[in-house]
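Residues annotated as active site, nucleophile in TrEMBL: ASP64. The Mg(2+) binding site annotation in TrEMBL covers ASP64, ASP66, ASP284. What TrEMBL lists as active site, proton donor is ASP66. Positions annotated as substrate binding site by TrEMBL: LYS259.
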Amino acid sequence: MLDGERYRWLGGGKGALSHSTPIGRLFAQHKHLPLYFTQIMATKIESKASAVGLLAAYDTFLFDCDGVLWLGDHLLPHVIETLELLRSLKKKVIFVTNNSTKSRRQYTAKFAKFGLNVTEEEIFGSAYASAVYLSTIVALPKDRKVWVLGQSGIEDELHQLGYETLGGSDPELDREFNSESPLLNVDPNVGAVVAGLDIKVNYYRLAATLQYLRDPKVEFVATNIDSTYPQKGRVLPGAGSIVESAACASGRQPVACGKPSQGMMAAIKAIHQFDPSKAIMVGDRLNTDMKFGRDGGLATLLVLTGIETKEGLDSLAPNLKPTFYAEKLGDLYLHSK
């Protein structure tokens with residue numbers, strides 16, 4: 001007898017499994033699958049049945065990058081084989097990253113370095129989302145400038161959409177702080193501030209950013225609010241740590257364009273035209289990747305190669321648990337054979 005609090009038929013009524021849901025269709029096609037697919041608890045990808053079942057249930061796969069595909073400059077095991085498997089099964093793959101330090105164009109080069117053939121159209125980054133937000137939602141005129149607290153990825157995406165940028169990678173901001181510097185003078189043509197991860201952040205950059213944010217008519221946009229990110233076994237401060245400094249100083253809260261913002265999800269759905277009920281979000285963070293997918297109506301797969309741990313997963317309330325979890329993305333390939 002199954003505990004009614006821990007198990008349910010997904011998408012159906014009492015004692016029946018609806019064939020209108022991905023899992024329902026999966027059971028109709030693969031009657032041999034074990035009953036754990038109906039658990040409220042997250043299902044671990046650790047057998048052929050679980051891997052094949054997941055592959056059968058979803059047509060569109062959204063991937064976070066850092067902590068899922070790679071850690072820093074280290075490609076994680078069997079990522080190439082997993083992506084090749086998905087493409088051979090005619091699955092749509094979309095790479096959704098909160099890393100704003102690289103533009104989509106720069107990201108294609110990083111993918112290529114790892115031996116991954118990915119097009120610019122398959123990448124949706126937070127820097128791109130921020131530029132699109134200013135261009136389409138705010139409708140900031142192209143003769144207005146954008147002050148950047150961040151790196152070249154933000155600048156590149158803004159330039160591609162026709163905006164001139166100030167700040168960002170300007171080497172003058174690397175100098176010793178001078179309160180009389182002309183860099184602290186406000187350019188009246190600046191209509192927005194975009195803030196993201198900046199490994200060269202210093203007092204100069206924060207002080208100059210504050211001058212623009214003191215004007216309530218200047219839009220305040222954050223690429224994302226990740227507090228940390230993983231790299232080579234370490235946890236490092238993320239964009240959210242920098243954004244929060246600017247927010248604290250100015251007394252303002254930005255519009256966040258990266259995960260888990262559903263504005264970003266709406267833009268991805270509009271561009272890629274997929275059915276959320278047949279899509280799954282794969283990531284390494286509960287508060288961004290998993291929330292992003294869950295709030296967007298997607299299934300979720302948490303991999304434990306980045307920020308989260310099995311202990312953290314086990315402590316979650318049932319409604320916050322991902323649909324699936326795996327030790328690494330490559331388990332999907334390994335267990336499907």
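Placed from the backbone N, Cα and C atoms, the Cβ positions cover glycine too.
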In the chain carrying ASP284 (Mg(2+) binding site), residues 6 or more apart in sequence that have Cβ under 8 angstroms from it: ASP64, ASP66, GLY67, VAL68, PRO230, LEU302, VAL303, LEU304, THR305, GLY306, ILE307, GLU308
Listed in sequence order, residues not in ASP64, ASP66, ASP284 with Cβ within 8 Å of the centre of the Mg(2+) site Cβ atoms: CYS65, GLY67, VAL68, LEU69, THR97, TYR229, PRO230, GLY283, ARG285, ASP289, VAL303, GLY306, ILE307
List of residues, in chain order, with Cβ under 8 A from that of LYS259 (substrate binding site) and at least 6 apart: ASP64, VAL96, ASN98, SER126, ASN224, GLY283, THR288, ASP289, LYS291, PHE292
Fewest-neighbour residue among recorded positions, criterion Cβ within 10 Å, set ASP64, ASP66: ASP66
